[in-house]
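What Swiss-Prot says about this protein:
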CARBOHYD  ASN59  N-linked glycosylation site
CARBOHYD  ASN71  N-linked glycosylation site
CARBOHYD  ASN92  N-linked glycosylation site
REPEAT    98-122  repeat 'LRR 1'
CARBOHYD  ASN146  N-linked glycosylation site
CARBOHYD  ASN190  N-linked glycosylation site
CARBOHYD  ASN244  N-linked glycosylation site
CARBOHYD  ASN304  N-linked glycosylation site
CARBOHYD  ASN353  N-linked glycosylation site
CARBOHYD  ASN403  N-linked glycosylation site
REPEAT    440-463  repeat 'LRR 15'
CARBOHYD  ASN463  N-linked glycosylation site
CARBOHYD  ASN520  N-linked glycosylation site
REPEAT    554-577  repeat 'LRR 20'
REPEAT    579-601  repeat 'LRR 21'
CARBOHYD  ASN780  N-linked glycosylation site
Amino acid sequence: MSELLFRLNFLLLLLLSCVSLASSFFSFNDPVVGLGACGPHQIQAFTQFKNEFDTHACNHSDSLNGVWCDNSTGAVMKLRLRACLSGTLKSNSSLFQFHQLRHLYLSYNNFTPSSIPSEFGMLNKLEVLFMSTGGFLGQVPSSFSNLSMLSALLLHHNELTGSLSFVRNLRKLTILDVSHNHFSGTLNPNSSLFELHNLAYLDLGSNNFTSSSLPYEFGNLNKLELLDVSSNSFFGQVPPTISNLTQLTELYLPLNDFTGSLPLVQNLTKLSILHLSDNHFSGTIPSSLFTMPFLSYLDLGGNNLSGSIEVPNSSLSSRLENLNLGENHFEGKIIEPISKLINLKELHLSFLNTSYPINLKLFSSLKYLLLLDLSGGWISQASLSLDSYIPSTLEALLLKHCNISVFPNILKTLPNLEFIALSTNKISGKIPEWLWSLPRLSSVFIEENLFTGFEGSSEILVNSSVRILNLLSNNLEGALPHLPLSVNYFSARNNRYGGDIPLSICSRRSLVFLDLSYNNFTGPIPPCPSNFLILNLRKNNLEGSIPDTYYADAPLRSLDVGYNRLTGKLPRSLLNCSALQFLSVDHNGIKDTFPFSLKALPKLQVLILHSNNFYGPLSPPNQGSLGFPELRILEIAGNKFTGSLPPDFFENWKASSLTMNEDQGLYMVYNKVVYGTYYFTSLEAIDLQYKGLSMEQNRVLSSSATIDFSGNRLEGEIPESIGLLKALIALNLSNNAFTGHIPLSLANLKKIESLDLSSNQLSGTIPNGIGTLSFLAYMNVSHNQLNGEIPQGTQITGQPKSSFEGNAGLCGLPLQESCFGTNAPPAQHPKEEEEEEEEEEQVLNWKGVGIGYGVGVLLGLAIAQLIASYKPEWLVFLFQSRNH
């Protein structure tokens, strides 16, 4: 069973135990579900509480949601409203009138991002509090220390910051999960955390904790059964006191910077999961690890382990089912000893850099093997032939980056195969016809090879069972074959396909992700764009207009039709796509006015209209300011927009006004199908005038924002309200007709890296505040009517003089015109200037400008259906693996 399933089952058992122990009061006054047993004041308070929120998302048939009251006193004892509420949880909420409340479940609600009200401290009889995935941010209020009766506290998957000082006095806690937040700081030996001696489940994973070593005091929490400190910044050696935790069944330390030998865990005889991947552990693997009595999951991948692998003969009785030794530096023969672990179901040996070819026959003893990952290895070509042998039980085989040049016929012998990854090899010719007849084949990743086509007719894929098919970056040409009837996810990005996109695409009702970008397709866009969550047709030769067929609540999240030959207007029915987040129609011939109506789309974050024939004003007539609630990237360069921008133009751009610390932002990559540490990614791309160069960018930190209005006919003053957009990293207003002064408020853009105001009619001086912008790497104010001395500051004086030329009244470095009547010395040696410009180019790609979202959100329904048919033993693990 995979790590994730282990954890879910373990947490469920603990919660049941917690509820049982924490709810002894039920024994004399059993709570009654529904409002019938509730007192009138409690009914009124509950009604008021629900009225504070939008409850349309509530599943009223969910028997687990509801309110429970004490049959004797009428007091609300338990309240469970999971995935039910939308709105703001305010400090004066009626919730805080339930002073007898013992159990409160508010996870997975759509709360407006805000801090946790300190009034929770008034509910001092709480024993169970679940507030995970609720959008909470900021520090946990100190009033939480009043909740001394708490036995279970779940705050995971929020945006919480600060330290764990709020756990002071919570000495009855048995379950504490604060994972996937932004808690930070050093865990000192005197931390309140180490006073929680009843803890059985402690998850600190995916935060920003740090320490020169894991505190020895963890060894004092000797009731722990699960400990997770993964994805933090711990470094140094794991203390020997970890061996005191003799009740541990699961230990997770991956994705830190631990060094030294592997931790001493031989005493932890109850251990079933040991996850130590992606650290800097060195030395050899103790052979005793392979004979621990209950250990079923061992992940040591991505370390600096070396030496030989020794598996005792007694390991034949080992319970080890999941083993990851990939990305280490072992020596000698490693497959032979591993073949003794006959109960293995999942084996990951990727990127071991063996000095000899791996013969697949060596795995013949592993009769229960479901998943085998040999990516990055040197595979014996002979062992890939039909005459070789590999366990027929295999459901997943990964042979990426293996320098394979011939399609492995051994796949014919695997009737249970569901997942095959042959990515980034050198396989040429046609994809064999027999592959599509494998009865259970569901996911095929053969991107980045040299395939030219398919054996068989254009109908060869239609009746296959494949749901995910990735053909990215091959040499496929001709007409696109008809896709499988069952397909959910298809990418043929970056090939040579041509002709019309077949209309049969529209009949594939389960197809939610389609990427045909970077090909040579001609003709119209198929008339069914509403069918998709993600549709990417970028850089083809498509003609006609974008179909205006988006029905109400169409599921579309991302539409990219940039770099085609499209004409007509932007579809008005796009307003029906309430889930739309990314829209790019750049580099076409669309002739239309600015789509003011799109500001009604609540989730739109990226809007790219670059290089079309859009025209008219940017100020919405009689509609107030141009406010987009979530917009972060607006790229309208190279059009014919006219008019001026009113002073309040940027006032209601809420998302661009917010700023986060960089470690709080998430790189969000569009179109990602996650198979644990294995990803298939198709990035949304945009072209941006960024730091003086035109380039294609693929990613953006989701907490950043960019604006490009260059190459239009805009006039008037630049609004001072631009200074409200504190998340801006790039602003390009060049090649317009702006007049007046450079706004003083630009000094408020503390995150700005690229500022281009060139080729306008700006006058006055350059504000001194711009010289204080410490992240400003590129600045261009050339060809205006500026005067006075150029502000001095590292970020400005380091710019090339071309950034200030064409302003007759400017003086001072880096120009040679002195402000004191004599020529200024050269700003820098020409060679140094060239080196600086070269260095500037090298840093351009440190942070891309584009946006995307994991398909864990975008393709949840489609992939959930897919997962439901898979055996979780290997598939769920794949959701935990590393990206190669």
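Numbers here mean position along the shown chain, with the first residue as 1.
Here the Cβ of each residue, glycine as well, is placed from N, Cα and C on the backbone.
If you take the C-beta of ASN59 (N-linked glycosylation site) and look for same-chain residues 6 or more apart in sequence within under 8 angstroms, you find ASN65, ALA83, CYS84. Here the CA atom of ASN780 (N-linked glycosylation site) lies 62 Å from the CA atom of ASN244 (N-linked glycosylation site).
Listed by sequence, the residues of this chain that lie at least six past the ends of the repeat 'LRR 21' (579-601) yet keep a Cβ under 8 A from its Cβ atoms are 538, 546, 554-570, 572, 607-618, 620, 623, 626-631, 635-636, 641, 670, 684, 686-687, 851-853.
Within the model, the repeat 'LRR 15' (440-463) shows a mean pLDDT value of 97, rounded to a whole number.
The distance from the Cα of ASN403 (N-linked glycosylation site) to the Cα of ASN520 (N-linked glycosylation site) comes to 29 Å. Cβ neighbour counts within 10 Å, taken over all protein chains shown, single out ASN146 as the most crowded of the glycosylation sites ASN71, ASN92, ASN146, ASN190, ASN304. Taking the glycosylation sites ASN244, ASN463 in turn and counting surrounding C-beta atoms within 10 angstroms, the largest count is reached at ASN244. Cα of ASN780 (N-linked glycosylation site) to Cα of ASN92 (N-linked glycosylation site): a span of 50 Å. Annotated pair ASN146 (N-linked glycosylation site) and ASN463 (N-linked glycosylation site), C-alpha to C-alpha distance, rounded: 62 Å.
Around ASN520 (N-linked glycosylation site), the same-chain residues at least 6 positions away in sequence with a Cβ under 8 Å from its Cβ are ARG496, TYR497, GLY498, ASN540, ASN541. ASN353 (N-linked glycosylation site) and ASN304 (N-linked glycosylation site) are 13 Å apart (CA-CA, integer value). The candidate set comprises the glycosylation sites ASN353, ASN403, ASN780. Of these, ASN780 has the most other Cβ atoms within 10 Å. Cα of ASN353 (N-linked glycosylation site) to Cα of ASN190 (N-linked glycosylation site): a span of 44 Å.
Secondary structure of the repeat 'LRR 21' (579-601) per DSSP (helix as H, G, I; strand as E, B; remaining residues coil): 5 helix, 4 strand, 14 coil.
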